[in-house]
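Handing you a structure now.
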């Protein structure tokens, strides 16, 4: 009988003889394995790599969902297969014995695409594509178990899958199409709401399509066509299936696998007991030291996996998952309890973890902690579950949870099972609260089992560790018929705070009225755009690479496989400011497989390549490796090279650094006060003398302060580079970068070689948002140094924790304003002072300060304007470019200014904004004319289209009758001039026509999810009059396109598009006569042109000749404009917010691809929403560490945050002046600017209403983010 474990991956049987207990399923799938081909089954094992790179590594913490796979197991009792989505990054490989592992590659391929993949790909439900396989797998598990899912089930299935690009709407819409409830429309008539197409604004919608596509045209999902559960998993036997005890041995851990309780008893001594192994393996993997541990698992012990039913009780084994526990209880408890159990566990932070983690592991972990608040432990307590515990001497005893926790039985005993009373007819009430929502990781929970004549009430509150039993409150509830909040507080003994107030208020409501069934919210997703008669440009064509990404075929940097490569582990500073006295890497080098340590002394060229003359953007003093001193926690001191990435990271943590500590400036306020700056103070606009004069003429002068936090990019693909050394000092650098040429120059400078020796290639990025301009170059430089030294390919792939620690964020800003106004609220003059938190090195801080200052007037004319910008140096992350590049911060300051003016003159904020708008044809404060602008059209259209005034009156009425829940509505706008001036304002393209007639296009811009490649292929298709299927873009590479500006700034469709058009025009100037002669026969004409020496390839620049069109050197040829109306609701007790409806109207000219542009708008909206609500960046001022130093601690919006009513309209106004590509306009950043403004102002509408109602007149100036905690503070007396 073979040793080891046996499982199946995507229909292929696999056998592993000895599995390292620390090895995760994700690393196994991506890197190695032993496949058992059918013709060799049971005879011989053929060793070949699995290499299933569709399973992505986005966080390695079980938070982002990118690594989601499906595990299928056979349920003998039900005689069917059961499928569960799990995080492969957390699942130990030893757990998949007799399991059917399905990855995205096994679901479907481009040749035979699965309906989920097809609907997401053609439904524009992906942008960068990195997270997409995870969404597919979560949805796939749902459909395998529920072929006709409800909308609620779909929402629950994907709630722990994160996406940073799309804004989730297209993902939801694609998946909702599988539900019978979707009905192909919003369903408005079902609840008497009326059809969305019968709105009063329908006249305004004439000439527009209202959907990018209809899912009614897709084939119906047929569950019978799915891959069957492999019969081999039910018949093939390995040693694990025998009655003997099996032991697996890894480098550091030995795992015993017993099959019976008796075996478990005999082998348990001196071993750590694990159930799922999720937490133990995760914690152990973070320990870098060489050690020897012994584990024993309950995974394959029959008694730990049994679920037994009797007439009175349910007995559930300790190795059963949290989700199975919940499903079992929900199916077998009374109707007064079961639905609440379902709802409560459905709010568990991650369904993937609930599907794998065991309930016993959850309560043991919680019992050991005094701060961990466990939903599972609370639920078992309130249901009065008892535990069967195996004691250290081998006896089985039944104990209460209280006894188990208080007597610390988890230290010596092992939980075998739990028992629940089946015929309990009491009513269950559960509550959980997280940082951002009830579906977030639990901060506080509360549960009550309301008694009846036969049984007493049980009430527990989760405060950390064992939940506290509220005995006096139980008596109060059992004795009373009427309930008062003050009395409940008094008898409960709870501390008075928001959490306890929420718990008691909701309990009181439950006691009076029971659990109110929330009405299902109608979903109304509309995307309006003007259809085109063009063959290609202007059509909502799905991105050409969607099918590759959705099937796992798309290759990102960390997916590239090379021979004999090394991997880097990053040695980071653990102090914010210090001199480096000594670096000791001897312990690290002792680990087998570690190759060496590399730092500043190993660099042959410059350690500060950003100061080279070739870097014409701006000087950057960021060193590659810290040299003699560190200036921030997370600064890279050196790297460890090892044969695999796990080993490299372990070894890096063994490097010891001796520091001589220096005084740090981690407090932004302290840094401002001490005058710590990167370079000079930047001044723009009028002299102070003119400001004083304008203030003297104003009827009122108002002053205020603004504070806004930073923002993490949270691209799903972390910073990644692969450097492959070649001959003669040549290098090929595969890098996830927005700037291939910038990276090329940096690597060349570090290695002291000419740039022509370095080829940088970027096929695609898994998200960027500005965070992959500078940072990727530094990682590539580190890889290049090691690759040159070792002459081996070198990977630099950051873990999420290292990425958070090393890389910069959006700049946090503190600002002051002084504004003079007349009696109507018209601005006469304004003085801005802004301090930007730049972090420890210059990076992009100075140019962002410049952009913020030169565009600070936003959409307004404000008379005499002056801006003073202070680029502040602190000992924290070196902040960098982020979508909007200083513009969002300027927008937020002005939102605060407009709210302040409105309060002063007692007018609506929207009226003040409109009063101060700068108009087309006028000049901005630095003298540039406002050209090709539709701001007023967008504003007026959005006001009418959204029924803004009517809804505002309705909200006023709602708020008068709702003291705790408040609604608010606000409008904001954007004006963004494009293309950018200077050297950034050009693009480069290369066009090659092959002899078979196919066309290969190359551009200087990089594809990072914004659809740039797709748009350029459509431009090329239109210009050449060729089918788009005959055109491709392979990658962006410096051996084809060099000196290309970094991709960003929203204008790359302009600059690269102009270059593509120039190439097409040049090629066709000599080719078209031949084509005409051959009556349009393209292939024949190509061969003839080749024989006649007519060039079939060329490279051209694209830029706007400003002089030709009569523009000033820095005047934008056009403005992308828009307006949005946002309606929100806040719960003033919890601080939670919910976006109810969004109406966005934008002018992007004649869109090159409406689907891409609408996707950019939706994604930008959700990113802006996150910045001003749930996304926080804070530092420990003592240690210098980032508080949000893991994927789980930094909160980005989830699918559940998407507004149920989300309407987008592209106006399609054509004011083209000849300087645009097919009359289009850029789109990437502008929607974010107005969305963050509208969301923030709408929430402040709610806050202001509550404060006014409660007699608080003090004005609250602009402060961001408006987290739940901040809203609670603002809405408290």
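Cβ coordinates are placed from backbone N, Cα and C, and glycine is handled just like the others.
Automated prediction, rather than curation, is the source of TrEMBL annotations.
TrEMBL feature annotations, pasted as is:
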type     : residues            : note
ACT_SITE : 1229                : active site, proton acceptor
BINDING  : 59, 64, 67, 89      : [2Fe-2S] cluster 1 binding site
BINDING  : 128, 131, 163, 165  : [2Fe-2S] cluster 2 binding site
BINDING  : 348, 375, 432       : FAD binding site
BINDING  : 738, 769, 883, 1049 : Mo-molybdopterin binding site
DOMAIN   : 248-426             : domain 'FAD-binding PCMH-type'
Please identify, among the binding-site residues 64, 67, 432, the one with the smallest Cα-Cα distance to residue 165 ([2Fe-2S] cluster 2 binding site).
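Comparing Cα positions, the candidate nearest residue 165 ([2Fe-2S] cluster 2 binding site) turns out to be 64.
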Relative to the mean position of the Cβ atoms of 738, 769, 883, 1049, the recorded Mo-molybdopterin site, which additional same-chain residues have Cβ within 8 Å?
768, 770, 771, 773, 881, 882, 885, 1008, 1047, 1048, 1228, 1229
Measuring Cα to Cα, how many angstrom lie between residue 738 (Mo-molybdopterin binding site) and residue 89 ([2Fe-2S] cluster 1 binding site)?
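Answer for this pair: 28 Å between alpha carbons.
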Given the binding-site residues 89, 131, 163, which one's Cα is the least distant from that of residue 375 (FAD binding site)?
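Closest by Cα distance to residue 375 (FAD binding site) among the binding-site residues 89, 131, 163: 89.
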Considering only the recorded positions 128, 131, 1049, 1229, which residue has the minimal Cα-Cα separation from residue 64 ([2Fe-2S] cluster 1 binding site)?
131
If I take every residue in the domain 'FAD-binding PCMH-type' (248-426) and average their pLDDT values, what number comes out?
92
Could you check the binding-site residues 348, 769 and say which one's CB has the most other CB atoms within 10 Å?
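Buried the deepest by this measure is 769.
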Please report the Cα separation of residue 131 ([2Fe-2S] cluster 2 binding site) and residue 67 ([2Fe-2S] cluster 1 binding site) in Å, rounded to an integer.
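Between the alpha carbons of residue 131 ([2Fe-2S] cluster 2 binding site) and residue 67 ([2Fe-2S] cluster 1 binding site) there are 8 Å.
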List, in sequence order, those binding-site residues among 67, 769, 883, 1049 whose Cα sits within 10 Å of the Cα of the residue listed as 'active site, proton acceptor'.
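Checking each Cα against the residue listed as 'active site, proton acceptor', the hits are 769, 883, 1049.
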As a test of the contact definition, list every same-chain residue at least 6 positions from residue 128 ([2Fe-2S] cluster 2 binding site) whose Cβ is closer than 8 Å to its Cβ.
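Same-chain residues close to residue 128 ([2Fe-2S] cluster 2 binding site) (Cβ under 8 Å, separated by 6 or more) are 164, 165, 549, 715, 716, 717, 764, 765, 766, 767, 768, 1008, 1009.
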Would you count the other CB atoms within 10 A of the CB of residue 738 (Mo-molybdopterin binding site), including those on all shown protein chains?
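Summing over all protein chains shown, residue 738 (Mo-molybdopterin binding site) has 29 other Cβ atoms within 10 Å.
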Which one is closest to residue 883 (Mo-molybdopterin binding site) in space, judged by CA to CA distance, out of the binding-site residues 59, 89, 348, 432?
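The answer is 59.
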Long-range same-chain neighbours of residue 432 (FAD binding site), Cβ under 8 Å, sequence gap at least 6?
344, 347, 375, 438, 442, 444, 445, 446
What's the CA to CA span in angstrom from residue 163 ([2Fe-2S] cluster 2 binding site) over to residue 89 ([2Fe-2S] cluster 1 binding site)?
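Computed Cα spacing between residue 163 ([2Fe-2S] cluster 2 binding site) and residue 89 ([2Fe-2S] cluster 1 binding site) is 17 Å.
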With residue 1049 (Mo-molybdopterin binding site) as the reference Cα, tell me which of the binding-site residues 59, 67, 89, 348 is the closest one.
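Minimum Cα distance from residue 1049 (Mo-molybdopterin binding site) across 59, 67, 89, 348 lands on 59.
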Compute the C-alpha separation of residue 769 (Mo-molybdopterin binding site) from residue 89 ([2Fe-2S] cluster 1 binding site), stating it in Å without decimals.
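With the alpha carbons as reference points, the distance is 25 Å.
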So if I draw a 10 Å sphere around the Cβ of residue 59 ([2Fe-2S] cluster 1 binding site), how many other Cβ atoms end up inside it?
26
Neighbourhood of the [2Fe-2S] cluster 2 site (128, 131, 163, 165): other residues with Cβ within 8 Å of the Cβ centroid, in order?
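For the [2Fe-2S] cluster 2 site, the extra neighbours are 126, 127, 129, 130, 132, 164, 166, 716, 766, 767, 1009.
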Same-chain residues six or more away whose CB lies under 8 A from the CB of residue 89 ([2Fe-2S] cluster 1 binding site)?
24, 25, 26, 57, 59, 60, 61, 62, 67
